[in-house]
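Data block below; observations after.
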Amino acid sequence: MSKTHLTEQKFSDFALHAKVIEALENKGFHYCTPIQALALPLTLAGRDVAGQAQTGTGKTMAFLTSAFHYLLSNPAMADRKVNQPRALIMAPTRELAVQIHADAEPLAQTTGLKLGLAYGGDGYDKQLKVLESGVDILIGTTGRLIDYAKQNHINLGAIQVVVLDEADRMYDLGFIKDIRWLFRRMPPTPQRLNMLFSATLSYRVRELAFEQMNNAEYVEVEPEQKTGHRIKEELFYPSNEEKMRLLQTLIEEEWPDRAIIFANTKHRCEDIWGHLAADGHRVGLLTGDVAQKKRLRILEDFTRGDLDILVATDVAARGLHIPAVTHVFNYDLPDDCEDYVHRIGRTGRAGASGHSISLACEEYALNLTAIETYIGHSVPQSKYNPDALLSELPPPKRLTRARSGNGPRRTGAPRNRRRPG
């Protein structure tokens, strides 16, 4: 983490369990981020917390540190059974659940607490095998958790810690009934440590906190501006006919180390992927139609640097921490103002700088006024020369098979591309 992203508060200054401190120091975590510095004194005192912070500022480690400390410092129920986890962490998407599990593994290795993972799409029997051996901390999506609970593969009667991550997204995706179903099968609220984290603490999220938490303390870390001051924002007004050529020209000119391109529909994403893959870019596609195993592999390839560009719908816009994203392209301006903030928040994280480029085409330009009102400033406009756009581009590839991942590898230097004139 960048030092500009940290506070002067050390983890070692808190009365954290020694094994938790050891795990944090092994990972190089010595100083707290602002949300960690605010949340930990409360959770260590046994207080419930509803936290708001800009994405990428350490929310996950705040609740993981709290959960591991609590379980190590408080004994399990005397009659706890093997199918009863002690902590439950709920996430809105499979990708976020997998990421939280990965972040928790170093803590689990040091402390000896066992992790379980439960998400839909695939891996039912593999996940179940882990659960049947007994887990302390279960991380998952609500649908698969309910499935296991209804079949008595898990029992929530011994839960001591509950975490609800990206609570606003849970509402957006219609999971609130599932959340309440799971809460009703846990011990009473005062008998648990309850944590809720969200990019926004809207009225409905606060209502959920009031309903399911024990006099939760609200902690908020407000950014200087909603879009983050380290993100350079830029806006172009292309015609529909020039939009794809402008995107490809900007990619050639910027030559980003790692970029995410967002579009509003899966069909638009597939079209963008096809053009970039045909043009020789190392590009992956992430939409709801991509099989779960392939989604995880694409994310791993992108994080590892085997892919330079990821084309995605908003399924990837919330919660995922992919380090070192240098550029975000809004091929379509989103219909939801918050999605603009979450999209461009994939770059400029943890003290790094980033570049966001948005294309306000004829179809989605009307969304700009609401977006600028929401973020509190105008997005700087840039102009382009239509005659300087790339030409003679190859026809796009089509998804004629069940593949949706990697295009051909591109070489390390920009190719010469003919331009008119």
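Cβ from N, Cα, C; glycine included.
Feature annotation from Swiss-Prot assigns ATP binding site to ALA53, GLN54, THR55, GLY56, THR57, GLY58, LYS59, THR60; the stated evidence is sequence analysis. What Swiss-Prot lists as compositional bias 'Low complexity' is 405-414. If you look up Swiss-Prot, you'll see 40-219 marked as domain 'Helicase ATP-binding', on the strength of sequence analysis. Look at Swiss-Prot and you will find 245-390 tagged as domain 'Helicase C-terminal'. Positions annotated as region 'Disordered' by Swiss-Prot: 386-421. Taken from Swiss-Prot, the feature motif 'Q motif' applies to 9-37. Here Swiss-Prot flags 165-168 as motif 'DEAD box'.
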Count of other CB atoms lying within 10 Å of the CB belonging to GLY58 (ATP binding site): 23
C-beta crowding around GLY56 (ATP binding site), within 10 angstroms: 25
Reduced DSSP assignment, ALA53 (ATP binding site): strand
DSSP-derived structure type at GLY58 (ATP binding site), helix or strand or else coil: coil
Arithmetic mean of per-residue pLDDT over the domain 'Helicase C-terminal' (245-390): 89
Distant-in-sequence Cβ neighbours of ALA53 (ATP binding site), under 8 Å, six or more positions away: THR33, PRO34, ILE35, LYS59, PHE197, ALA199, GLU220, VAL221
